[in-house]
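S.K.: Pasting a structure below so you can have a look.
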């Protein structure tokens, strides 16, 4: 090989070797069009499936010099040995995957198997890139002539309504160019402005006067501790995946689930709306103070605050409605003013002016510092009341997170901006506390004449500076830390600038809250957690502004502005914010505890136990601030949580709650495997062979009655279809069946297997279903009512399934209803399967759809058929379009014979439907007759006991029937009563049957078995053996004679059942056993038929002869 690189030619415009094109496994590889046309998948509406093939990097065969015996890798785009690629010049060239250019191309560009790509992992088409679909496993693995998935998303992934809305919004944003903010402008500035709120200028000095410098710093540090821990937790959640709009609501809901997220989202949005009122009232107080100074009050102070507050909130609403861009510009202007005001205060504190001394400002002085170091609580104020008033000043830490949807990179911006804002503002508050406490006395008269006259009685710090303000102890002074809320204006170098700072701080905080509340509320409404609030989800303009939310926030804020008392408003929202912070902290602890692989925050400076401590601290602080408000807050959260839990919104966000439930379930399952089974803990764990869940609702409802909250129940389905559906169809069908069970409140799992017949499928299920100790131990089936009309090979399979269950040490339960169990031919599969999943034409499955007037609530998935609808009857594969209506059957204009047939079929099906619902309702008073003829370990007795423990069968009494000798009836009754009492099982009566073995009356048993006899005496031995081998279910004469007594017993038992239990709600009876290999399937089936014929609902039960009851403690 020469050192010169081969030339890489491609016709037309050159393509980069990193070009990504669509590749299909067709008979010829056709390159994607380069003229901008979409690939075929996109034209069908399917997200682009990416394969990798680099046409530009492939040279012609003459450039490469292919050897004649080229070898082609099996995973490349062609199934044969040579790939054909068009160069765009009209020529087709061959390329070898092991030629020189193979080693020069990027890995993965010679196969449809995709290399890792971030676009495969997006939820929907988003602002950061297009949603791509990787080739499915079927497209890579299935045979080339096999049809891959139909149009749609791979693996059955269908976009939710929320995802589709997000995709539409993303496309809209891509066209319109939305305004996005970085971490400084979007988070840092916003948080600082919100934290430097109304408290900084008009309440901070008052808190210093009340609590003193020392306790005020403690208050600031406590608040900072809570906000810092919450900031760390917020950073952890925000960096654990892409963050959309919704702030605290989004973070909590995606972490803890919709129950916590929905409840906290509502009160968090409400708290922000109330915070608007708090900040606006602070602004209005300052304005009214200024008006009062110049005697320009409109009415009185309280009403003036309401008037100014109302006008202010209207102005802020106008700025917010103008859009986020205008709001951001206003925030920048307000920040500049605020920083100038803070600097102005500190500069002024170093400039002592004699004219300010009568009003309490003397400049930095040690005596003042020492005097103000300790607390001086007045007017029933306490440390915790001070904390309650100050804490809302620290609640601005989520101002940046609340507009997470408007940030360029929320994962990076939220941690940096939030934590830095907490540090800067915390330092500022501490500095203001020390500064104010060191240069301003608590009380001052403002009178220049109040100089020291009596040095003996004057002991305050002001006395050492030449002033006597002792008269203030009697009240009435207007200056000093305790009396003048505007004292910072006095200290500053230029007083009006402090007023401007107050305006800036209050308006910026109010503006941030006015924007945050609608954004959070809009995100909550978009998720449709509370159905009635969907009207507020609509957004307007290129930034999807929640204008309706702005109006709602305005109304809430205005209502609280009319209260006009800042000290009343502040504690109210403190509890709401603390509840939000507690849940954010708990979210991090919960996610860490769940140990889900999906919990991988890129922010590492958090600790689960610190977050838990933060959550507990938040709850403690709630009660310390105001215990009754904390209780009200918790009750509101609890009520909303219960409501959302009850409504069960159809969302799946992969919450840590799901992860923790899985963790606990896995841990408990593993722990159970280390414990041997004990008879006291036995519970029937049923594998119910029900087919589609809505095919045999009576069977499922009865089993659910004795397994609900007691044992495992698995609804099993053996599928024998010739065409096996693909993964997408299976996953959708499985989800529908499980959803049907959940909707009917049947606590069961659904599973299915593919097999050639029921027996093999049941074998698979009995051996494979279950996990550790959560494994079925009882097989439940319906009685095969139509066995005599069908193929006897099906009877052979059915009976052998029972034998297999006993071989695997399973108990067996058979349920017989005289009208049958299976209603799938009426409505079952029609309502569980979509049109594309119905049985293909020509299959053996029969579908009959009947309109009902009585049973309006069908037991299967929609669509439902109402009384006024007429339905086609599809019988035996032939469609008979007969219009059937309950009220107008006599008006049918069809032939008389067809009318009778149709009516007979309809009435039979209606009766079957009514029967299928009999276990759904409460049973009322009656009896459950237990015919415990043979000791199977106690399962025959345990099932009725569990039934009567439930609500549906709670009014029924248990009657026990046993076999015995005529001369020992009383003795047998007493013995059984003793046994039942030791088992602690209540019973109403015990009947000892001494005449079980008497000869039965005339019965048609001979006519029943006649078609299934082998009659070997009437043919040659060789022919008889050959027929028996071909049809093993045949009954031999020898077998019939050998088991004559057992056959008569079944006939006699049926007579006794009719005599004693014809009025019972349910009969539970010991199932007769047939020795495997000795009793033919037909004879065993005849026994079961004879025993259970013409009776109320009958359960034939046979345990595995291991004790399931004990009287030992």
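Note that the numbers count up from 1, one per residue, in the order the chain is shown.
Every residue, even glycine, has its Cβ placed from backbone N, Cα and C.
Note: TrEMBL annotation is automatic and uncurated.
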S.K.: Match it up for me: which of 476-496, 497-517, 518-538 does TrEMBL list as transmembrane segment?
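M.R.: Per TrEMBL, the stretch marked transmembrane segment is 497-517.
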S.K.: Quick check on the annotations: TrEMBL lists transmembrane segment for one of 156-177, 332-353, 354-375. Which range is it?
M.R.: 332-353
S.K.: Which of these ranges is annotated transmembrane segment in TrEMBL: 304-323, 444-463, 624-643?
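M.R.: That would be 304-323, per the transmembrane segment entry in TrEMBL.
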S.K.: Any idea which of 96-116, 117-137, 264-284, 663-683 is down as transmembrane segment in TrEMBL?
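M.R.: Transmembrane segment, as annotated by TrEMBL, spans 264-284.
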S.K.: Scan 40-60, 61-81, 187-207, 691-711 against TrEMBL and say which stretch is down as transmembrane segment.
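M.R.: My reading of TrEMBL: the transmembrane segment range is 187-207.
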S.K.: Quick check on the annotations: TrEMBL lists region 'Disordered' for one of 1-47, 377-423. Which range is it?
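M.R.: My reading of TrEMBL: the region 'Disordered' range is 1-47.
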S.K.: Between the transmembrane segment (417-437) and the transmembrane segment (332-353), are there three or more CB pairs that fall under 8 A, provided the residues in each pair are separated by 6 or more in sequence?
M.R.: yes
S.K.: Where, among 304-323, 417-437, 497-517, 576-593, do we find the most CB pairs under 8 A to the transmembrane segment (264-284)?
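M.R.: Counting Cβ pairs under 8 Å, the winner is 497-517.
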S.K.: Count the CB pairs under 8 A between the transmembrane segment (304-323) and each of 187-207, 383-405, 497-517, 576-593, 605-623, then give me the winner.
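M.R.: Top-ranked stretch among 187-207, 383-405, 497-517, 576-593, 605-623: 497-517.
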S.K.: Thinking of Cβ pairs under 8 Å, which stretch from 187-207, 383-405, 605-623 has the most of them with the transmembrane segment (213-243)?
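M.R.: Most Cβ pairs under 8 Å with the transmembrane segment (213-243) come from 383-405.
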S.K.: Apart from its near flanks, which chain residues at least 6 from the ends of the transmembrane segment (187-207) lie with a Cβ under 8 angstroms of it?
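M.R.: Sequence-distant neighbours of the transmembrane segment (187-207): 181, 216, 219, 278-279, 281-283, 285-286, 331-332, 334-335, 338, 341-342, 386, 389-390, 392-397, 399-401, 403, 407, 413-414, 416-418, 420-422, 424-425, 428-429, 432-433, 436, 440, 481-482, 484-488, 498, 501-502, 505-506, 508-509, 512-513, 566.
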S.K.: Can you tell me which parts of the same chain pack against the transmembrane segment (383-405), counting only residues 6+ beyond its ends and a CB-CB cutoff under 8 A?
M.R.: 181, 183, 186-188, 190-195, 197-200, 203-204, 207, 210-211, 215-216, 219-220, 222-224, 226-227, 230-231, 234, 238, 243-248, 250-251, 272, 275, 278, 324, 375, 377, 413-414, 417-418, 421-422, 425, 429, 509, 512-513, 515-516, 519-520, 523, 544, 567, 570-571, 573-574, 577-578, 580, 621, 624-626
S.K.: Mind checking which residues reach the transmembrane segment (576-593)? Cβ under 8 Å, same chain, six or more beyond either end.
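M.R.: Tertiary neighbours of the transmembrane segment (576-593) are 226-227, 229-230, 233-234, 236-237, 240, 248, 251-252, 255-256, 260, 264, 267-268, 270-271, 274, 391-392, 395, 398, 599, 606, 608-609, 611-612, 614-615, 618-619, 621-622, 625, 633-634, 637, 656-657, 659-660.
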S.K.: How about long-range neighbours of the transmembrane segment (605-623): same chain, 6 or more residues beyond its ends, C-beta under 8 Å?
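M.R.: The answer is 222, 225-226, 229-230, 232-233, 235-236, 387, 391, 574-575, 578-579, 581-583, 585-586, 588-589, 592-593, 629-630, 633-634.
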